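Undergrad: Okay, here's the structure, questions in a sec.
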Amino acid sequence: MRWLVCLIVSWCSLVPLGATVGQSLNSGDPCQTPSGTAGTCEPVKNCSYVRKILKSPDFSHYDTTYLDTLKCGDLMVPMRKKPIPLLCCPKFSNSPTCGAQQLADRIYFGEETERGAHPWAALLFYNVGRNRTVPKCGGALISERYVITAAHCTVDKPNWKLLYVRFNEFNTSSADNCTTENDEVICREDYAVESIVPHPEYDMHNISRPNDICILRLASDVTFNDYVRPICLPFDPDVQQLPIVDEIFTVTGWGETEDRRPSDTQKHVELPGLEHEACNSVYAVANVTLSDKQLCIGGLNGSDSCRGDSGGPLMREVRGGWFLIGVVSFGARFCGTQNLPGVYTNVAKYLDWMETVMFVERYL
């Protein structure tokens, strides 16, 4: 803590208080960073984004210059000669169009998902060797540039190379990139992956798979439309505090079906939430210990997420919008086994880390 205070004092003494980007706001006022990200004008102590930059062992003159561009005003404090600089603290927020299901009636219990029903669903394609490119995991679009998936989809197979993320996949066995429905031409959309950031505490050798979450930054922005749009993240405390047990959640993906073969088409299934303690007792026989950062969902005979669904979204509908609640992590060896639920990474527990990755690592 003393080191952080020293860094803050040093930075404040290095940055001319008059060197601003033309803003003169009050604490708590909305602002915009030079990159166009919405934020709030805050003192350094209230902005975890800035504090993490200051605490970086690689803090440099470049970072000082960058922090100077964030200055948005001054805070006058009684008994203090110099004002406290206010910085535009970026806030990650959901897209206004997130979670909207514009099209389609839903078809449940492992049936095909109608086009546009879950437009945030992503399919990850890998080079697995011998010039073979195949889909192996799922993901969920959360903004124009970022996709959430499971860490084991990027860490556990070091010989696999993640090539691109596909949206609006209608049939993996079809060679046609576009199809026509009701006189409308609808095409697959592929985006190269610029960077892969698995959670730093994920351990591929831990069979309990804690921290099984990963952020993919795409090489270019995704253009939203009726068939490709982001899902909402559970920033709202009211969403985070909703009950889990006996509530209904939806999983979507292209994983194995009841005949043990990958599905050519996107499917989804509805599953109930379970007591955490009960789930822990079920998996204890396999020496698996689950934390409060994991969710237990399912355990119905014949209905489950499965191999190939890994990294895909666990969703719930709240007030007409869809929220990303979990990420498919692991389950029983034989999918859909009665009383053996699937395990999912609890997204709400990782929102702070996600903000750090999406904002801080862009500049350090």
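Just so it is clear, glycine is given a Cβ too, placed from its N, Cα and C backbone atoms.
These came from Swiss-Prot, pasted as-is:
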- 1-19: signal peptide (SIGNAL)
- C31-C88: disulfide bond (DISULFID)
- C41-C72: disulfide bond (DISULFID)
- N46: N-linked glycosylation site (CARBOHYD)
- C47-C89: disulfide bond (DISULFID)
- 107-359: domain 'Peptidase S1' (DOMAIN)
- N131: N-linked glycosylation site (CARBOHYD)
- C137-C153: disulfide bond (DISULFID)
- H152: active site, charge relay system (ACT_SITE)
- N171: N-linked glycosylation site (CARBOHYD)
- N177: N-linked glycosylation site (CARBOHYD)
- N206: N-linked glycosylation site (CARBOHYD)
- D212: active site, charge relay system (ACT_SITE)
- C279-C296: disulfide bond (DISULFID)
- N287: N-linked glycosylation site (CARBOHYD)
- N301: N-linked glycosylation site (CARBOHYD)
- C306-C335: disulfide bond (DISULFID)
- S310: active site, charge relay system (ACT_SITE)
Undergrad: Please compute the mean pLDDT of the model over the domain 'Peptidase S1' (107-359).
TA: 86
Undergrad: List, in sequence order, those recorded positions among C72, C88, N131, D212 whose Cα sits within 10 Å of the Cα of C153 (disulfide bond).
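TA: Candidates kept after distance check: D212.
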Undergrad: Going by DSSP, is C296 (disulfide bond) sitting in a helix, a strand, or coil?
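TA: Once the DSSP labels are grouped into three classes, C296 (disulfide bond) ends up as strand.
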Undergrad: Say you check the Cα of N206 (N-linked glycosylation site) against those of the recorded positions N46, N177, S310; which is nearest?
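TA: Checking each of N46, N177, S310 against N206 (N-linked glycosylation site), the shortest Cα distance is to S310.
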Undergrad: What does DSSP assign S310 (active site, charge relay system), in three states?
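TA: In the DSSP reduction, S310 (active site, charge relay system) maps to coil.
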Undergrad: Out of H152, D212, S310, point to the one nearest C31 (disulfide bond) in space (Cα versus Cα); all of them are active-site residues in the record.
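TA: If we rank H152, D212, S310 by Cα distance to C31 (disulfide bond), first place goes to D212.
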Undergrad: Measure from the Cβ of C137 (disulfide bond) and count the other Cβ atoms within 10 Å, all protein chains considered.
TA: 29
Undergrad: Cα of C88 (disulfide bond) to Cα of H152 (active site, charge relay system): how many Å, rounded?
TA: 35
Undergrad: In whole Å, how far does the CA atom of N171 (N-linked glycosylation site) lie from that of H152 (active site, charge relay system)?
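TA: Between the Cα atoms of N171 (N-linked glycosylation site) and H152 (active site, charge relay system), the distance comes to 25 Å.
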Undergrad: Can you tell me how far the Cα of D212 (active site, charge relay system) sits from the Cα of H152 (active site, charge relay system), in Å?
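TA: Distance between the two Cα atoms comes out at 6 Å.
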Undergrad: What does the structure give for the C-alpha distance between N131 (N-linked glycosylation site) and C47 (disulfide bond)? Integer Å is fine.
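TA: That separation, Cα to Cα, works out to 46 Å.
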Undergrad: Could you tell me the C-alpha distance between C279 (disulfide bond) and S310 (active site, charge relay system) in angstrom, no decimals?
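TA: Pair distance, Cα basis, whole Å: 19 Å.
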Undergrad: Which one is it: of the recorded positions N46, C47, C89, N287, S310, whose Cα lies the shortest distance from the Cα of N177 (N-linked glycosylation site)?
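TA: Checked the recorded positions N46, C47, C89, N287, S310; minimum Cα distance to N177 (N-linked glycosylation site) goes to S310.
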Undergrad: Looking only at C41, C153, which of these disulfide-bonded residues has the biggest number of Cβ atoms within 10 Å around its Cβ?
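TA: For the disulfide-bonded residues C41, C153, the Cβ with the most other Cβ atoms within 10 Å is C153.
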